Amino acid sequence: RAKVYIDGVYRGVTPLNLDLTAGTHTLELEKTDYEKYTETINVTGPMNKFVNLKFLGYQLSITSDPSGAEVYISGEYAGNTPLQRRVSKGWYRIIVKKDGYQDYSEFINISDNTNLKVKLERVIPPEGTLFLSYNQEQVYIYVDGVFYGISPDSIKLQPGTHKILAVKEGYQNQEYKLSINAGSEYYLKVSLIPKLKPVILKITTNPSNARVFINGTEFGRSPITVDLDPGYYELLIVKEDYHFVYLVRYFKMGEYSLNFDLQSIEE
């Protein structure tokens, strides 16, 4: 049942009887999955017309998740998904490929228009193994922000770059950046360093409410407690109507109580 057009005008579907005026006419036949037929005919009297339409093949539609995968039909590259291709009746081997995913392969028998939807499975590469040793016990290990345990002997990691964070109370955090390859082994010695105990200065003055400067920066007014790292510092104590106090001193780790008796300028 093909559609019939005479001189561009639809006249019905085959088989079809038509009354045409004598002369030249354009005959067109259309049918889904068949090649369009066009012929110029000359009508001089009654006539019969038999047309054998050429079958274009069945519509094979292939989609994939994710899209953009290569499609091979019986060994020949056909394009990338989503793909539409006309094929004849018969058996075909369909292969769908995409980097990072397992190949999909299937034999299909085409006897009608066919839609093939392919769900590609991601390839999970072999993990690398990270072996760890420690100079301290009870070390908390984080990989890319995820807690992996307390002092684990080994960790399985996917290929790629990872950040290893080692944490223990009383010690400085240690961070390591490692590039892991599939199936490889790596060894990491986690060496933790004790946190430095800060210098604690407890500064008082008589009278109170004096301005306190350390290395040129004002920290507040007395009485005041300041935490510093070990080292040399310049202390300046200033109060209106009193002589200032200037002190240069090295402070090692520990706590210091510093009291300053301020002398009145009028004395």
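Every residue, even glycine, has its Cβ placed from backbone N, Cα and C.
Curation plays no part in TrEMBL annotations; they are all automatic predictions.
What TrEMBL lists as domain 'PEGA' is 2-45, 58-121, 128-192, 200-261.
Taken together, the residues of the domain 'PEGA' (128-192) have an average pLDDT of 93. Packing against the domain 'PEGA' (2-45) from elsewhere in the chain are residues 51, 53-59, 113: each is 6 or more residues past its ends and has a CB under 8 Å from a CB in it.
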